[in-house]
Amino acid sequence: MSSTTVAEFANELKKTPETLLDQLKSAGVPKAAPTDALTEADKQRLLGFLKASHGTAEPERKKITLTKKSTSEIKQADATGRARTIQVEVRKKRTFIQRDDGHPATPEVQPVAEAPAAAPAAPRIDEAELARREEEARRQAELIRRQEEELAEKRRLREEAEAREREQAEKAERAEQAEQEAARIAAEKKAADAAAAAPAKEAAKPAAAPVAAAAAAAEQQAADTKLAAQTAATQAKEDAKAKAAAESKARADEEAARAKDLDERRRKALAEAEAIRAMMNAPARVLVPHKAPEKPQPEKAAVKGTLHKPAAPAARPGAPAAPGAAAAPGAAGAGKEVKSAKLSSSWAGDPAKKKEIKTRGDASGGVGRGNWRGGPRGRRGSNDRGGHEEHVQAAPVEARILEVHVPETITVAELAHKMAVKAQEVIKQLMKLGQMATINQSLDQDTAMILVEEMGHNAVVAALDDPEAFTDEDVSAQTAEALPRAPVVTVMGHVDHGKTSLLDYIRRAKVAAGEAGGITQHIGAYHVQTERGMVSFLDTPGHEAFTAMRARGAQATDIVILVVAADDGVMPQTKEAIKHAKAAGVPIVVAINKIDKPDASPDRVKQELVAEEVVPEEYGGDVPFVPVSAKTGQGIDDLLEQVLLQAEVLELKAPVDAAAKGLVIEAQLDKGRGPVATVLVQSGTLKTGDVVLAGSTYGRVRAMLDEDGRTIKSAGPSIPVEIQGLTEVPQAGDEFMVMSDERRAREIATYRAGKFRNTKLAKAQAANLQNMFTDLSAGEVQTLRIIIKADVQGSQEALAQSLLKLATDEVKVQIVYAGVGGISESDINLAIASKAIVIGFNVRADAGARKLAEGNGVQLNYYSIIYDAVDEIKVAMSGMLAPERREEIIGSAEIRTVFVASKIGTVAGSYITSGSVNRSAHFRLLRDNVVIYTGEVDSIKRMKDDVREVREGFECGIKLKNYNDIKEGDQLEFFEIKEIARTL
């Protein structure tokens, strides 16, 4: 029974607690403080006293009844399986009894208390009767609610049973038994609640016999109500079963009739479609033009045409109808217009129509796959839905299957426009294919073509409508006589095998001495005038990091000189150079260098090269082998003779009086001269003032320098030169050509830059989505962020590739930015924002950048040899690796006694059998030589004193942390965990 305090009740009555205490005291309810509990019996006693004190006049003002109504909606499937919305209205009624205002009792009221049992008896009986009726109403409401719940549960179980009534009949029986058991338990619980409420009701009504009789009558009525409810529930179950069986049979009959009707309508629709198609394919007749009537007569049923096709012959008044238009008189007799885009009014709402390809074009209907035509789109497409006005309908056309030209990258919006559909439809199809995309996101060509095919159109690789298509026309329009040109020879081989030294002897220069570390770190281009003619040489790096440079050198060359040290043999980069030369399809001349050394073995080199499918001429192959010495000059003349002999066989020719074309060998950003590119002219003549297009950059040639730094005015075929005047630093390996005007060059460069950006963005988005779950599953991975600035493009590319190869599963390398030129303040700001380190390869930072780096703690690293840069980055990555944890056993002990202390717990009295034990050690508990627990030592005591360490041969008490299950005879093994730094 609920109870409240005097203060809470006074707050509800809007009285002061002191006033309520006085009234309670006058009513004979002993309450001394506002915090005392106030029961319902006390409230009834106070109510009776107040009624007796103030009389029972104006009873209509004593009670106020409020009715509250709330409406909600639920969705429930009907017998046909369709979801319907049901309005649920809940009504609540609450009665408030108006209390009298709290005024202290006056002395004139005291005589009323002489006979307290006579006067208040009648109102108390009325209140008891009211309470009994309210209790009965609540009981009835509870019974009705339970019945509704049972009926709802039965309905749900029935619907589930209907879906699988053939194979799960016994399961339905068990569900029904469970339902009956739940109803019985609910009834018993309700009876128990009523029995529990009876004593409280008796305590609230001590007035005796009439009240007891009323309570007995109420119990009897409750029992009768319960019996009636059970009988009604049983009857409702039987009725529900019969109704469910009838509904199931009716649904089966209805579905069979609907299927039959649908087949009939489809057959008629196909027949009408064939008739309309025959009418449209009939030869057109020449009609006399006349003004169309303002409003056609209803009896003249006609098939309207589109704006692009003449109307069908049946549309002319008085003309004979087409053979396929036999259905028109019936439609005219019904007084309705024939809809060419609509085969059946009932089939127009079929859900299968929604699966067709949606287009922005003529949506009035057309024959699609399987000769099925979609109905009209929008609200105005229904038959006579807009009132009495007539609608001009388009003639039936075949479903449009478009030929969509897909470029390398295309946004979702552009692709939707090409297919004449909404962008939302394209996004939905992408989601079905497992890719999330926005309306402005770029798609790569493969994804876009798959998407077009999925949407029922034909995808075609687009013939790019770009300005580059006109460059070939400009070049082909030029006619110039092809003249013999000098061969371009690339020197390739392993690092430190003497490639640059060999070229130095040929050029009579000392280039190798000027290279950092004595190794070549960028492509060197030279042309040498020999007694037998001119030869252009490209010196490529031999270090493993410069793979891309060697590949570019092989593409631009005519002949490859493969340098192999006689004392070292074939090495990894030698094999790689052979692959590059064979991929480029250029002949190879092998130079066996360092034959002047005592340990030189040319025969071993030949055997190793034969294993790589480079067979010398003396073994029946086609590759000349020349033993040379870059130190003494032995064999140099023979090598040049072999090179020129190969050039004569190739018959190298190129036009001279034409616009220049060639290849960018190397590029860099010079602080004083701006972007500088080393180019190799392959055909034509490059002159000062020409407009050059190189990749996505362009510019006018301001100056040209040869390999010796001398200014020249022109350069013919096979001549390497250094040009200035480009807008940006080009990519090494890009092709360059001379354009007719600067405007055309700017257009092409801008187009290439945008195309490169879109392609890069599409690939980056695909990579991000692809690696999303991989990154989540991999956990936290350390990342070393690096900014690279190098002197030339090739060195920057090689260094970036070498550092990316150092990445492991635990530490990754992220190249935040890589470029050429000195380190500027913008590079330092980028490093601050991305928390990266800055590497300068053969470049330095200016004063402003150094000051900014020192003030913000940015690490600057300068290198001139790629070995040093790779080694130091590897050390830095090793420091980011998580240390390796190793266990080192330090001792063991035997438990001889077990002590149990109330405040401490279980203590192991142990004897140290080997090694020692300290308080920071870990332990393993062994029982019968089986490890049963591993943990940490809590404390060690010896003779009641805490000690840090106990050595072999001593006894001590050991308290194990969070473990007490120890026995005599157990073994303790102590160990320490040490962290050891890992390396890559």
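Glycine is no exception: its Cβ is also placed from the backbone N, Cα and C atoms.
Summarising the annotation, Swiss-Prot assigns compositional bias 'Low complexity' to 104-123 (among others).
The compositional bias 'Basic and acidic residues' annotation in Swiss-Prot covers 124-177 (among others). Note on the compositional bias 'Basic and acidic residues' (124-177): DSSP counts are 49 helix, 0 strand, 5 coil.
Here Swiss-Prot flags 193-235 (among others) as compositional bias 'Low complexity'.
For 236-267 (among others), the entry in Swiss-Prot reads compositional bias 'Basic and acidic residues'. Residue counts for the compositional bias 'Basic and acidic residues' (236-267) under DSSP, helix first, then strand, then coil, are 32 helix, 0 strand, 0 coil.
The feature compositional bias 'Basic and acidic residues' is assigned by Swiss-Prot to 291-302 (among others).
Annotated compositional bias 'Low complexity' per Swiss-Prot: 310-335 (among others), in sequence order.
The feature compositional bias 'Basic and acidic residues' is assigned by Swiss-Prot to 351-361 (among others).
The compositional bias 'Gly residues' feature in Swiss-Prot is assigned to 363-375.
Per Swiss-Prot, the feature compositional bias 'Basic and acidic residues' maps to 381-392 (among others).
The domain 'tr-type G' annotation in Swiss-Prot covers 484-653.
What Swiss-Prot records for 493-500 is region 'G1'.
The region 'G2' annotation in Swiss-Prot covers 518-522.
Mean pLDDT, taken over the region 'G1' (493-500), works out to 79 on the 0 to 100 scale.
Assigned with DSSP, the residues of the region 'G1' (493-500) fall into helix, strand and coil as follows: 2 helix, 1 strand, 5 coil.
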